[in-house]
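Written out below as C-alpha cells is the structure these notes cover.
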Ligand code: HEM
C-alpha cells in the first residue's frame, strides 16, 4: 500500500513540478541559441539602419523599453494597438504624442519572422533593441536575458499610474521605482539614459516661468541654461518644441548627464531632483557617476537587467506575437 502511495506521489510530482518550474522560469542569455541563432545580428542590423536614418531613434527605442517594462512587466504590452474592446497604452498620458519607434520594431520583427517564424517574442526584440541602442550611442554592452513572452492585454490605466512624470519629486520617483522592485540606485542609474534624446517643451515649461506656482523659474536652474531653454520654449505655445535632455553631447551615451546635474543643468524636474533634492542616497550616486564614467558604465547594464527582469511572462500566460501590434 505504502509503495503504491509513494508511486502515486512521484507521478503527481512529475506532473506538477515542471509546471512550477516554467511559471518561475528565469530568463537566459542563450534562450534562442538553437531556435533562432541569428536573432541578435538581425536586431543589431535593424537598429544600425534605424539609427543611421535618424540618430534620435536610439533614444526613442531605449525609452520604449522602459515604458514597456513599467506597465505589467516587459511584455510588449506597449506595442499593442487599441482595439474596439481594449484601450491600450499608446494613448496614455506619458506615451501619447511622445513615445516613438513602433515602425522600427515592426521592421525588425518582420526580418526576425523571415528567419525564424513564430519563435522570438516582441518583448525580447525590444530588450535586445534597447541594448543595441545604448551600444550604438557609445554606451556599454551587456548580454541580454531572453525568454519573455508577449502579453495578451495592455493597460491604459497602469500606464498612467506607473510611469513617472517629469514634474515629480524625488520621493515619488523613488516610490514608483520601488513599486517595480527597483532600488534608489537603479533610479539614478537608469535616469542616466537621459544622456541621449529629446524632450518636448511642455514637459519642462513650468520650470522656466512658473515653478511650483511661484511665478518664478526653478531656482535650481543655472542662469545661462535658463536663458537658453526660454529661447526654445516660450511661456505659451510651442508645446512640441524640442530640447536635448543632455545639452553637451546629446547623441552620445556618456556620464555628462550627471556632471550637468552638479551644475544645475538637468532638463526635467525629475532629473535635477536626483541632485538638488539633497536626498543623500541619490546625491552620492550622482556624484559617483559624475566623477567616474567607468562606474556608470559598470552599473548601467546591471540596472537595465534588473528592469528587464520585471515580471516576465512565461508559459501560457503569454504568446509569441506574429505582429507586435496585435495579439495572435
Ligand atoms: C526617472 C523617471 C523618468 C521620467 C520622469 C522620465 C520622463 C521623460 C520625459 C518627460 C521625456 C520626454 C518625452 C517627451 O517630451 O515627449 C523623456 C525622454 C526620454 N527618456 Fe525618460 N524619464 C524617466 C526615466 C527614464 C528611464 C529609466 C529611461 C530608460 C532607461 C528613460 C529614457 C528616456 C529617453 C532615452 C528619452 C528620450 C526619448 C526620445 O528622444 O525619443 N527615461 N523621459
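Quick reminder: no glycine exception, Cβ is built from N, Cα and C everywhere.
With 249, 254 listed by TrEMBL as binding Ca(2+) 2, the candidate from 195, 220, 298, 302 annotated for that site turns out to be 195.
Taking Cα separation as the measure, residue 63 (site 'Transition state stabilizer') is nearest to 194 of the recorded positions 74, 116, 164, 194.
Taken in sequence order, the disulfide-bonded residues 69, 116, 201 that lie near ligand 1, meaning a CB under 6 Å from one of its atoms, form an empty set. For the pair residue 233 (disulfide bond) and residue 249 (Ca(2+) 2 binding site), the C-alpha distance works out to 20 angstrom.
Sparsest Cβ environment among the disulfide-bonded residues 69, 122, 201, 233 (other Cβ atoms counted within 10 Å): 201.
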